[in-house]
């Protein structure tokens, strides 16, 4: 790049030398056209693709977010075990708050008035017995609900099972009841906008039923076994534009596996208990609550003009595609 | 790049050819000075900006973090509905733990001893009535607290409203009481450091009041309606330096919208209930709890020397700026 | 790059000019060998390191994730304060669900039947007294559990302390009991796979004890004081390959500081209370629960072929290393 061998003669003189390549100019319409075409492709790639489409002139950063949510609405159920019952936010949102997420109880298996005592284990391998010899004091299998006492007692008129120390009576059955609950939970008393993909895509107030339909799911069906629903908030901002153009877009998708063949535990449920004390004796109501867990996921990026990525992209593009063009011409010229 | 047309004569000979551009050396003080100046600018950009300021020689990665928090302190309140009452951590942190976040109850509307029964709806459009004909059995509007039974009963001496099946008595009013509570929650019994922007910027123990003041907010004012406070922990680490230099910095900002004109629901509150059972009858205390939600957000990046981005940045910089200098000289020489 | 000074004569003619550098071909085995060697190094760097190892031809994106967890199993404890007691999921997972995280209670200090009343403060500086003059009505120090009433009463037969208004009786002691609990919590009733580093590295079902051992910790020891365990799920996906190759890998590490010299609060614990009401009088059981908090951290990246980073890396590589080779030859030729 500098002066070379005679540099030693005079550093000062050499310092001010400027060397440039000798060039050969070829005057040919066909060669020239191809040359310009090649240069046009290079420019189109750099300007059109790298700069405009991929915004290669911007430095990008990801999103740091914090989301708060609020659920509104009541529901009425009428079941044999609970009777007529009103459900409000304090009843069906468990726990009362979470970060970036909330859980709405939509179905339940309740086991009321459990106390720590002894009762017959649910029948099954390891618990069905004919006499005390089949039961082992202190034995515990995690398929069972308690620790065996060593006695064999009547579970029903026809069946005998090992007695266990557990929260009794035990929770029964596995199938969530097919109920038609929460018809109103998706109504909102807000006088403001409600999200609608077509008419109101920027509104941050959602009807739960709309979230499910947007994801191609049926709310009533999903409510029976529960599920996990993702609320994806995408911020894709160009900070070279006015800040008010930087708006989130909302999409929804079901996150849990609903393929019944490939899934040991379909749906989503949690077990929790309410504890009571009556005259010093503790009891609890155990609830296996089925519900929809809404996970709010914020992602995206924001880009702003920055000289480093601009020069990086343009420089690398020119260098490479200059080489490509030159190589192409060398092949062409020697044809 | 290789030998060209005569390549076909002898591949072996051609393989060892080395081709270099013929160069023209110009001895001119003015041209040389400009040439060196241009090269100095290139070097300054690559070394000063890309390498030193932007650390273009480093490969960066983002932060994966896990945060645990602990809240300490007690508070004393004396109100007409609750009497003299002590609040400790188990009372005012709800739920007892969350990931990257905690909620401190600072104010509340309590509705004690609710049971599922019938009572007069709060007056409003759709609930004020003069006779049973104004009320529709089974009707439910989500602005209301329950499902109408079809009867019209006295709400107060002067007003009649529709009877509803609900958790009765209903929650009243909307304005949080102006209280002066939690004066001590921001005191810490830790004998160690307490965060202070000037004297102790690295200490991870914060007084809640200090967090609010750092964000330019008044804790007492914020406590009345609640709010969301972001605790931003920034790790900006240069792993080419000793590991002990990699320290987080803490900043605080209020995240909820406190502009009263542009906000339908100022502050932050949650509703939760404590359930009791007396002689088989379930009742609950409903709490509308106002409080400050602290969200801990960890972000940042760590960079370490890596040959790929180094060469990428230097290569692209040289290529582009070489071109710029050359273009500049071509224009200059033909002046 | 274009035609230069005579451009003004004829724009059209000039437009089709093609200029290329005049080159000098050197036929020398030693120079040729070095030239090819240098080019081989360049190619090896670009192809081997940038493309194959660093996958420089891919555009990468990070992971957006949502994790749900389920804990199974029961435990039996026999302690003096609680008697024989069964613990199931609803008892030992607090709160019943969290996002990306769950807490398993493994040890506890229970303070049953607390009510809001007056009792003697635990002895210590600021609470030990000889007469009412040592106690200040309304005084509150956050090392203490309540607000002083101004009276000095018997704490034990030998000690007198200031009376406080607090949740009484006060919580006592600080050392978690050394218990041998939860022996079965790590058993799983699932008939499917269980994670094993060697035989089953892709299974998402973990025994809690295995998680601890993988992190080099002993579950029983960790259970006494509690701790925080990170479950790191790494997705490192090459989307140019079949999608089924995109599998997470699991690693575990302890996140809390277990160095006893450098830690004011070893382990992990939370305080929570269960509230009861008997004949209108509220009481609570305060629990200082020690346990293991499992934090699930998902990270990683996915890469897919994209023309922009490919050209960027190849272009910059060629440009830089072309320069390096040329510089090397210039030095060589003038030797």
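Just so you know, the numbers here start at 1 and follow the chain as drawn.
Placed from the backbone N, Cα and C atoms, the Cβ positions cover glycine too.
Over in TrEMBL, the protein carries these features:
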BINDING   A:70, A:71, A:72, A:269, A:270, A:271, A:288  ATP binding site
DISULFID  A:119-A:168  disulfide bond
DISULFID  A:129-A:152  disulfide bond
DISULFID  A:135-A:162  disulfide bond
DISULFID  A:193-A:203  disulfide bond
DISULFID  A:237-A:246  disulfide bond
TRANSMEM  A:311-331  transmembrane segment
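Checking the recorded positions A:72, A:168, A:270, A:271 against chain C with a Cβ-Cβ cut-off of under 8 Å leaves A:270, A:271.
Among the recorded positions A:72, A:119, A:135, A:162, the ones whose Cα is located within 10 Å of the Cα of residue A:129 (disulfide bond) are A:135, A:162. Straight-line distance linking the Cα atoms of residue A:193 (disulfide bond) and residue A:288 (ATP binding site), rounded to a whole number, equals 35 Å. Under the three-state DSSP scheme, residue A:288 (ATP binding site) falls in the strand class. Chain B comes within the C-beta cut-off of under 8 angstroms for the following of the recorded positions A:70, A:72, A:246, A:270: A:70, A:72. Here the disulfide-bonded residues are A:162, A:246; the one with the fewest Cβ atoms within 10 Å of its Cβ is A:246.
Of all Cβ atoms in the shown protein chains, 19 besides its own fall within 10 Å of the Cβ of residue A:237 (disulfide bond).
Its Cβ placed at the centre, residue A:203 (disulfide bond) has 14 other Cβ atoms within 10 Å. Largest CA to CA distance in the ATP binding set (A:70, A:71, A:72, A:269, A:270, A:271, A:288): 23 Å, whole number. Minimal Cβ crowding within 10 Å, among the recorded positions A:71, A:119, A:152, A:270, is found at A:71. Counting every protein chain shown, 22 other Cβ atoms lie within 10 Å of the Cβ of residue A:129 (disulfide bond). Considering other CB atoms within 10 Å as the measure, the emptiest surroundings among the disulfide-bonded residues A:135, A:193 are those of A:193. In the shown protein chains, 19 other C-beta atoms lie within 10 A of the C-beta of residue A:288 (ATP binding site). Proximity of residue A:168 (disulfide bond) to non-local residues of its own chain (separation of 6 or more, Cβ distance below 8 Å) is seen for A:114, A:115, A:116, A:117, A:118, A:119, given in sequence order.
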